[in-house]
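Working notes, beginning with the structure itself.
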Amino acid sequence: MSDFRPQPEKGKEKKSGQKEESSETGKDNSGSAAKKRKMNTEEEFDEAVCKSSDKSPSSDDSSKMPPPSAGGPYYPVLTGRKDSKESFFDKAMAEIPRPNGNISETLRLLSLRGFDERETVALLGAHNIGRIGCQFIRPRLSNFTGTGLPDPTIPPDFLEELRRKCPDDNNTISNMLNDEHTDTARGLSVSIRTSLDNHYYKTLMRGRGLLFDDQQLMANEKTAAAVTDYAIDDGIIFRTQFAHAMAKMSNIGVLTGSKEEVQHSCSHLNS
């Protein structure tokens, strides 16, 4: 098995795919202490990456390596990614899978970028960790696709649980539910698994995916087979194939123009 333990490759540069989010996204305009902590952590991580390489990473480089606290997997990336100075929000939103997208749409969008069914399942494994806003979950709970009824693929007990966690307010819910509950300033939240392993796929096999597009992986023969493979494994197969898929994604849409530049911070444009 290939060793994906880190190392940005030294002495080499590659140019990145066009950055598809607003150049203002990283800025802390709210003054929120939480956002400041997050931004500081990201910049500290960038600095750590810089020390391991003779070239500074761009803000896109750091996104290609998972937070060390998540347990990997690590995989090699080339430093020196170029980013556009402009944002293309509408274009980006049209080219990435939607939370409420069906499996055909998800596969079509990722196939346009060169990913097959198994690679698509591996990439969505990034949903192992993180939090999901209830606004993306509520459409499944009461008026799914305008029917006035909940998503019929949600098991009844899980539907009740989601309705408790996502009332009509702005609460957030963790990506994978478990028994540890934490009260937050914004209301009840549910703690998450912090490691990137295969528990995401195990939940899909039980019909407990939070997002519709996640659970839709079980609606296609090839993607369902990949979900099963990842779920019954000890996590090694998923971690290896996730690393391969992410490394492949890092080579999408190379920028070669002179108007683009390597961004040295995720929080602001170069001065």
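The first residue you see is number 1, and the count goes up from there.
Placement of Cβ uses the backbone N, Cα and C atoms for every residue, glycine included.
Annotation source TrEMBL lists compositional bias 'Basic and acidic residues' at 1-27 (among others).
Under the heading region 'Disordered', TrEMBL lists 1-79.
Look at TrEMBL and you will find 48-63 (among others) tagged as compositional bias 'Basic and acidic residues'.
Taken from TrEMBL, the feature domain 'Plant heme peroxidase family profile' covers 58-270.
Close to Pro97 (substrate binding site) in the fold, though at least 6 residues off in sequence, lie Glu105, Thr106, Leu109, Leu110, Leu124, Asp213, each with a CB less than 8 Å from its CB. Residues annotated as substrate binding site in TrEMBL: Pro97.
All protein chains shown were included, and the count of other CB atoms within 10 Å of the CB of His127 (heme b binding site) stands at 18. The heme b binding site annotation in TrEMBL covers His127.
In the three-state DSSP classification, Cys166 (disulfide bond) falls within coil. According to TrEMBL, the feature disulfide bond maps to Cys134-Cys166.
All protein chains shown were included, and the count of other CB atoms within 10 Å of the CB of Asp197 (Ca(2+) binding site) stands at 22. Look at TrEMBL and you will find Asp179, Thr182, Asp197 tagged as Ca(2+) binding site.
Fewest Cβ neighbours within 10 Å among the disulfide-bonded residues Cys134, Cys166: that distinction goes to Cys134. Cys166 (disulfide bond) sits 19 Å from His127 (heme b binding site), counting Cα to Cα.
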